[in-house]
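The Zn(2+) binding site feature in Swiss-Prot is assigned to 32, 80, 89, 100. Positions annotated as Fe cation binding site by Swiss-Prot, on the basis of similarity to another entry: 86, 88, 107. Feature annotation from Swiss-Prot assigns region 'DNA-binding' to 1-83; the stated evidence is similarity to another entry. Among the features that Swiss-Prot reports, region 'Dimerization' is placed at 84-123.
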């Protein structure tokens, strides 16, 4: 099972809650999910994982590099699987829809500005 190997590779013990949460994030139509979203989706699937466990596991996943945390909505944290590819986000403030995009022009401009100020971009 892919989830098991991903957890082991990240240095995490394979537990049922971790597997269920990783599966949920991987299969969800919504790419950016809050802990509450994950919890509700698990409940709708009749999975018995508590909200505190969801918060704890998402924090562990973030520390292990399996997910990335974003604070789009006034500090409200959402998580997405870390797929290794860099992309940026735009948020529609009326609908809270998150739009992902990549732009070589923006990336080049960021590197140019960083270089002009003597910085190296790390992310």
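Every residue gets a Cβ built from N, Cα and C, even glycine.
Structure coloured by features recorded in Swiss-Prot.
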residue	record	Cβ within 10 Å
32	Zn(2+) binding site	21
80	Zn(2+) binding site	19
86	Fe cation binding site	8
88	Fe cation binding site	12
89	Zn(2+) binding site	13
100	Zn(2+) binding site	12
107	Fe cation binding site	13
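Among the binding-site residues 86, 88, 107, the residue whose Cα lies closest in space to that of residue 100 (Zn(2+) binding site) is 88. When secondary structure is read from DSSP and collapsed to three states, residue 107 (Fe cation binding site) falls in the helix class. DSSP states for the region 'DNA-binding' (1-83), grouped as helix (H, G, I), strand (E, B) and coil, give 44 helix, 14 strand, 25 coil. Those residues of the chain, other than 32, 80, 89, 100, with a C-beta within 8 angstroms of the mean position of the Zn(2+) site C-beta atoms are 31, 70, 78, 87, 98. A Cβ within 8 Å of the Cβ centre of 86, 88, 107, the residues given for Fe cation, is found for these other residues of the same chain: 87, 102, 103, 106, 110. In the three-state DSSP classification, residue 100 (Zn(2+) binding site) falls within a strand.
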